[in-house]
């Protein structure tokens, strides 16, 4: 009975997330094809619909489910859920390590665009809205629910594949960033980055930490070229993204070991 309830929650979440996102994107695609959404005003409306319509779909879906279950009453409860971090100090330095690893991978694999760094830092809040908020659904709900039935690695893989496929209609939106990307490369990126985001949540139990890392990942795509996403998967990129996962696993193991050692020390105090 309990497993059926969990499964229904996952299915309801996915149905809502895909219905809201794909429904919005279908309207955009139709608008472009019928030349209703054209010119500067049309482009602006498309980005607003993608950002606040499709992009917010995972968050909308979770909010609807939690509201239905009586777990949240309003925006205050939702903000508390996003900002809740059991150990803030620990979450800060763990998140900093993950942010640095993302920067390292991009610097090693892509070329710097030459735009001022301060410009990208100023745009970070925009990226929180344009992507980061998704984490309320993906790592904040879906992956923890899957982990009740499957091991972490399998749950992260399933979440990454679903997350990547969820973006699919954007390849048919002429003005989207994804329209010039290679879908298999993007899917592999989602699986890799999703695994890293999943590890971050597992270590910090903080949705906000995942929101920041997701936003940072999107921001780096503006700081550096995106050849890894616009070209077919190469051995070089597979090795680099694999190294990113390996770094995240090693960091996770070290942090877990430190936690255990501290627990043992505190026991004998």
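The backbone N, Cα and C atoms fix where each Cβ goes, glycine too.
What you see is a predicted model, and the numbers here were worked out from it, not measured in a lab.
Residues or ranges marked as transmembrane segment by TrEMBL: 42-66 (among others).
The annotation transmembrane segment is assigned in TrEMBL to 87-105 (among others).
For 117-138 (among others), the entry in TrEMBL reads transmembrane segment.
Over the domain 'CAAX prenyl protease 2/Lysostaphin resistance protein A-like' (117-219) the predicted model carries a mean pLDDT of 93. Among the features that TrEMBL reports, domain 'CAAX prenyl protease 2/Lysostaphin resistance protein A-like' is placed at 117-219.
The annotation transmembrane segment is assigned in TrEMBL to 150-174 (among others).
Feature annotation from TrEMBL assigns transmembrane segment to 186-204 (among others).
Counting only same-chain residues 6+ beyond the ends of the transmembrane segment (211-229), those with a CB under 8 A from a CB of the stretch are 82, 95, 98-99, 102-103, 106-107, 109-113, 115, 117, 120, 123-124, 127-128, 130-136, 177, 181-182, 185-186, 189, 193, 196-197, 200, 237, 240. What TrEMBL records for 211-229 (among others) is transmembrane segment.
Long-range contacts of the transmembrane segment (235-255) within the same chain: residues 94, 97-98, 101-102, 105, 108-109, 185, 188-189, 192, 195-196, 199-200, 202-203, 228, each at least 6 residues beyond the stretch ends and with a Cβ under 8 Å from a Cβ of the stretch. Positions annotated as transmembrane segment by TrEMBL: 235-255 (among others).
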Out of 42-66, 117-138, 186-204, which stretch touches the transmembrane segment (87-105) the most, going by CB pairs under 8 Å?
186-204
Out of 117-138, 150-174, 186-204, which stretch has the largest tally of CB pairs under 8 angstroms to the transmembrane segment (42-66)?
117-138
Just to be sure I understand, if DSSP states are collapsed into helix, strand and coil, how many residues of the domain 'CAAX prenyl protease 2/Lysostaphin resistance protein A-like' (117-219) fall in each?
87 helix, 0 strand, 16 coil
